[in-house]
Amino acid sequence: MSIDNIKSALPEYAKDLKLNLGSIANTTELTEQQLWGALVATAAATKNARLLREISEDALDILSEEAYNAALGAAAIMGMNNVFYRTKGQLDGKYDDLRAGLRMNIIGNPGVAKEDFELWSLAVSAINGCGHCLAAHEKTLRDADVARTTIFEAIRLASIVSGVAQALLTADTLAAV
């Protein structure tokens, strides 16, 4: 199993991440699709090729093709939106009167349950650090009666995946020295 490959690749100083990754992969707070879609989306958001390959290996056995592509789509569209809305927010309203002019059709028609796509978008936004997008996706989820504990679990997952990506990059970099 590829999650096991990731855990084995983590150095001793990342033992907490190894344990956290194991526990989040066995969460009961998220459905299987929510869990694996979030793992794929957040792995893609970290830009760590090794992590994305390993998680995808397992995810392709669990997710439908539509769900797998939607998770990758969440990472891609939020990669654009997080930069745009984070930057726009930092400019103190100077550009609020201008139309974004960005296509975002996948958000309205992701090919999976809207709540799942929103959850993945929230998790990616946590990694990318866009407060505007975090607030917007959290509100959409809460308005859809998604439990706070489910939302919080997606945020926990994003933080774990981000830390694992950092530890793998560090280990790979130091192995090349």
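Just so you know, the numbers here start at 1 and follow the chain as drawn.
Glycine is no exception: its Cβ is also placed from the backbone N, Cα and C atoms.
Keep in mind it's a predicted model, so treat the numbers as computed, not measured.
Straight from Swiss-Prot, the features:
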- C130-C133: disulfide bond (DISULFID)
- C130: active site, proton donor (ACT_SITE)
- C133: active site, cysteine sulfenic acid (-SOH) intermediate (ACT_SITE)
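Annotation for C133 (disulfide bond): same-chain Cβ neighbours under 8 Å, separated by at least 6 residues, are M78, N81, N82, Y85, R86, S121, L122, S125.
According to DSSP, C133 (disulfide bond) is assigned to a helical segment.
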